[in-house]
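*Asks:* Feature list, courtesy of TrEMBL:
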type	residues	note
COMPBIAS	1-10	compositional bias 'Basic residues'
REGION	1-30	region 'Disordered'
COMPBIAS	21-30	compositional bias 'Basic and acidic residues'
TRANSMEM	41-66	transmembrane segment
TRANSMEM	156-181	transmembrane segment
TRANSMEM	215-231	transmembrane segment
TRANSMEM	243-260	transmembrane segment
TRANSMEM	266-284	transmembrane segment
TRANSMEM	296-324	transmembrane segment
TRANSMEM	344-362	transmembrane segment
TRANSMEM	416-437	transmembrane segment
TRANSMEM	530-548	transmembrane segment
């Protein structure tokens, strides 16, 4: 078990968007007034100061999380094997490919070893670049090899500093998004401060460095910032083209670095679809965004050697269905309220049916089953029937895939973030409902008058309640990703970071304060500006007063990595087993075995492959009630030479009865679970005792197949006999 122990010591301004420049600073004869130059200089100064603040906060966040990582583990002082063990579970697996590329004789040999890999899954040769999103490790290893930094920087530091550097990019992108929405960089400052003070709920990069989401989320934030800018009105054609390019690059990099990219972008596509149906976004831009999503994902598909999970993704089916349905229903946005509602209902049904048909057709033609475990998990999670499926139950019993804990909201409330977020969300949601109803009800006036869409939007902006396209997109984005976070705790980091953006935008936006002040008959332009700046400043002062001492205490607390049992195991494997030996055990432990020793594995934590899932279930019979003959036969079928048993799994207490790994295996095998409690009626007692317990008694029926060669307080290693 990995533990952490105490170390033994030897003014803001707003941008031009808030001011109606097209009506001011111009004389009747068309000449520019003298104060226009001053206004431009002021805007340049504001952008410069805001940019410096954004970059500074990004770099400070990067240094902050890097310092926390060092203070928690004493990373600079521990041994190499301890550093590698600190990359737990799948993090260690991903980092092992970076290490493999660094240690290869040449870049070509390193790439060949990844494309024709026979050490990640025994008795199988797999293409790592196809199965896993590790192009970032490949790129970083090549960069390390060609740059003249080997004498000054160890490979592991080059890796972790890159990830911490991406945190700076992440915070800058969040800062810019909030700035674009509100028109003042004060909003970005508040966003960054909320992100840092709510670090427990906004990021986990300091202790899960190589995790795919830590690579992907900065690019996702850049994409959101670019979409926010793209949805502004009155952009020049060159600005639109450049922004579309940024969106495409960010979408591509996000898709390339995370295997769950398709599900995140599906939610994004749903947000675009909803807003387009309600006539709250320009249809042309939405169409291009659909195409960019498909193009980016298909380019990743090509780079991943036509990965089956991408080809069968719901995102491609959904976006294609929307584009097809649009072609069929050409007059979707014409007519009165009832007429349009009827067309919208038909449109939604058509898109859903087409999505299911296209997706089913693709999976049937290509025999795709890579993501079936995800849909089994979702079906069981949302109550569409109980399941005994081992893979689905494995996810259901993990806290990370459960509902978002209520204490999350209490932590977010301490910084005032949650209270402000709910306040802004309520006001913006009301505005969105009013605007959507108005769009559906009165669109025919636009058609009768013959005015174009831009003129119609300008007329709507004169109304008391308005909602700009960029704000509308971010509203639906935060709602949909909020629903995802509430249902699955692991996905909360997609929501909480955007929560910082959305809440700070609301506090610093005239769009929020103007209707409130008008509602109580107190609105003046000066009063609205005073409120939009004073309240954020007061909030920042409160955050600084309450959390600055805690952050300083956190940075001064020194701890040390401490896991002697795992270190002893890894050292024994390297010293006492052949380099070609095959090891079986839990997915999490074997990822560390591959990274620290380079030995061949039977299974690993990257679960997006049906054959691997079946293999893992078979390997895990070492913790089930099976005969020694059965276990031996299963392990030898995968070429196993050594099997590692963990007491923390065999005698697990972390989960309640019914969710322990041994319980999941018993249920899947049709056996009664251990301990007091109810069992389903058709479960029967096993004919054999639990293997991981019985093997330790050294009975002849076990020693004929298994010989114990290593033991400490946590692990037991057995060598398999070579005879049949």
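Indices start at 1 and increase along the chain as displayed.
Cβ coordinates come from backbone N, Cα and C, glycine included.
TrEMBL: automatically predicted annotations, no manual curation.
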*Asks:* Could you tell me what the rest of the chain brings near the transmembrane segment (530-548), counting residues at least six beyond its ends with Cβ under 8 Å?
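*Replies:* Hits for the transmembrane segment (530-548): 12, 182, 184, 186-187, 189-190, 193-194, 197, 414-416, 420, 504, 507-510, 513, 517.
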*Asks:* Go through the chain and flag residues at least 6 beyond the ends of the transmembrane segment (41-66) whose CB is under 8 A from any CB in it; none is fine as an answer.
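*Replies:* Tertiary neighbours of the transmembrane segment (41-66) are 13-16, 160-161, 164-165, 167-172, 175-176, 179, 185, 188-189, 192-193, 195-196, 199, 203, 205-206, 551, 555.
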*Asks:* The transmembrane segment (215-231): which same-chain residues, six or more beyond its ends, come within Cβ distance under 8 Å?
*Replies:* 136, 163, 166-167, 169-170, 173-174, 176-177, 180-181, 240, 243-244, 246-247, 250-251, 253-254, 257-258, 261, 264, 281-282, 285, 289, 468-470, 473-474, 477, 493-494, 497-498
*Asks:* Which sequence-distant residues neighbour the transmembrane segment (266-284)? Criterion: at least 6 residues beyond either end, Cβ under 8 Å.
*Replies:* 231, 290, 293, 313-315, 318-319, 322, 333, 344, 347-348, 351, 432, 435-436, 439-440, 443, 453, 467, 469, 472-473, 476-477, 480-481, 484
*Asks:* Who are the chain neighbours of the transmembrane segment (156-181) in space, where the CB to CB distance is under 8 Å and they lie at least 6 residues beyond its ends?
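*Replies:* Same-chain contacts beyond the ends: 15, 50, 53-55, 57-59, 61-63, 65-66, 69, 75, 80, 83, 95, 98, 140, 144, 149, 187-192, 195, 203, 205, 209-210, 214-215, 217-218, 221-222, 224-225, 228-229, 232, 470-471, 474, 497-498, 500-501, 504-505, 508-509.
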*Asks:* Go through the chain and flag residues at least 6 beyond the ends of the transmembrane segment (243-260) whose CB is under 8 A from any CB in it; none is fine as an answer.
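*Replies:* Distant contacts of the transmembrane segment (243-260): 132-133, 135-136, 212-213, 215-216, 219-220, 222-223, 226-227, 229-230, 235, 288-289, 292-293, 295-297, 299-300, 303, 309, 606, 608.
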*Asks:* Can you name the far-off residues of the same chain, 6+ from the ends of the transmembrane segment (296-324), with a Cβ under 8 Å from a Cβ of it?
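*Replies:* Residues 127, 129-131, 133, 135, 248, 251-252, 254-256, 259, 261-263, 265-266, 269-270, 273, 287, 290, 350-352, 354-356, 358-359, 362-363, 366, 368, 370-371, 608 contact the transmembrane segment (296-324) from elsewhere in the chain.
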*Asks:* Could you give the residue numbers and ranges of same-chain residues that sit at least 6 residues beyond the transmembrane segment (344-362) on either side and whose C-beta is under 8 angstroms from one of its C-beta atoms?
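*Replies:* Same-chain residues near the transmembrane segment (344-362) but 6 or more away: 273, 277, 311-312, 314, 316-318, 320-322, 324-325, 328-329, 332, 368.
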